[in-house]
Amino acid sequence: MIIKNTGTSTFIWLPVYFYNEPLNLKLVISIFELLSYILCGYILNLSIYVMSKIQLFHKNLMFLTVPLFAIWYELIIGKFITIAYRLKIVNPGVELGEHTVFWTNDPDKILEVGGSSGLELLIFGGFLQWHTIYSIVFGILAVATERTIASVYIKDYESKKRIWIPIFLIIICQVLAIFMTFIVINRKVHPIIARLPFIFLCPISFAVWLFVKNKNKTLQKEIQNPKRTRIFTLSQQCQVKENLRALRLGTRLVAVVLVYIMVCFLGIVSLTFDLIPGVCGHFVENFLFFHPIPICLTAMFSIPRWKTEFEKSYLPWKYRRNLRKIRQMSMEIEEDSIKKISLETDLYFKQLAESWI
């Protein structure tokens, strides 16, 4: 959605959509979205709980990745603000109309207003959504940087906290995310420039992935070589295993994210060039907001210990039923053992008594 302030001749670019639909239909769709977001939040909360309870990675890595998952709530706050404007819970003072294109220079598809009065909350919601998107992009680069540092400082990285590393990376990440959000929301750059972080993310992440993989594969071979001359401490061996485990998990997550980005990009392009009806924007938009479901499930089911704990938390009734079955079987086995011992004891004393006759 593009908003033009005719008073100052400035533009505001918001990643939000509005549709020409009856109010009753908007209400039904909003209720469905709300229920879906509750499900997403439930899965996300369980995933964060499992990752925090069973910490299989270095604290510096967890310090970076957990906020990447939790930042979805910022995205949803921005979405709730948009829903409030759609349902006219918040009155903007102007008729918003239909806006289903991500970017446009067509005056007929731009909302022209005399001022931003009444739209401040909507602009803030758009800011939250842009900030979330760029925080995730730069956050992924921060995680890749942390794993590179972990591979370089393999000698003592596992045994030392170095909490300044994730703090420094988060500060840099947020400075870049806020800077990009401000220039994009004020339409100070062309859409191609706005997409540059996404474009650079792929080759940089791939280069880091190759470096970390080759570095740790080489170290693993050296550790497993019985004729090696280099001495590896236990913490160094654990760090190599952790890096390789993080690579396997990261590869699956990146594959899911890339598929997600590709589908969202195709949907946005289709809406921009009117290749699909505007109402399909609901599917494209919510496809982005539902990302915790595939990403969290991929993370949870990629590591056996996380999977077990997640299933126990996500399906508590199934776990309790299985636990009752196990306890019942244990009791039956114990009872059979007691009966068997009792029979053997009775037989022993019977044979002993007969031997004295």
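Every residue number used here counts from 1 along the chain in the order it is shown.
Cβ atoms are placed via backbone N, Cα and C, with glycine included.
Sequence-distant contacts of the transmembrane segment (28-48) (same chain, six or more residues past either end, CB-CB distance under 8 Å): 21, 66, 69-70, 72-73, 76, 79, 83, 86-87, 282, 286, 289-290, 292-293, 296-297, 299-300, 310, 313-314. The transmembrane segment annotation in Swiss-Prot covers 28-48 (among others).
Beyond the ends of the transmembrane segment (61-81), by six or more residues, the same chain brings 16, 33, 37, 40-41, 44, 47-48, 51-52, 55, 90, 121-122, 124-129, 131-133, 135-136, 139-140, 142-143, 146-147, 150, 163, 166-167, 169-170, 246, 289, 291-292, 295-296 to within a C-beta distance below 8 angstroms of the stretch. Look at Swiss-Prot and you will find 61-81 (among others) tagged as transmembrane segment.
Per Swiss-Prot, the feature transmembrane segment maps to 121-141 (among others).
Under 8 Å from some Cβ of the transmembrane segment (165-185) lie the Cβ atoms of residues 12-14, 60-61, 63-64, 67, 123, 126-127, 130-131, 134-135, 137-139, 141-142, 145-146, 149, 194, 197, all in the same chain and six or more residues away from its ends. Under the heading transmembrane segment, Swiss-Prot lists 165-185 (among others).
Look at Swiss-Prot and you will find 192-212 (among others) tagged as transmembrane segment, backed by sequence analysis.
The transmembrane segment annotation in Swiss-Prot covers 253-273 (among others) and rests on sequence analysis.
Marked as transmembrane segment by Swiss-Prot on the basis of sequence analysis: 283-303 (among others).
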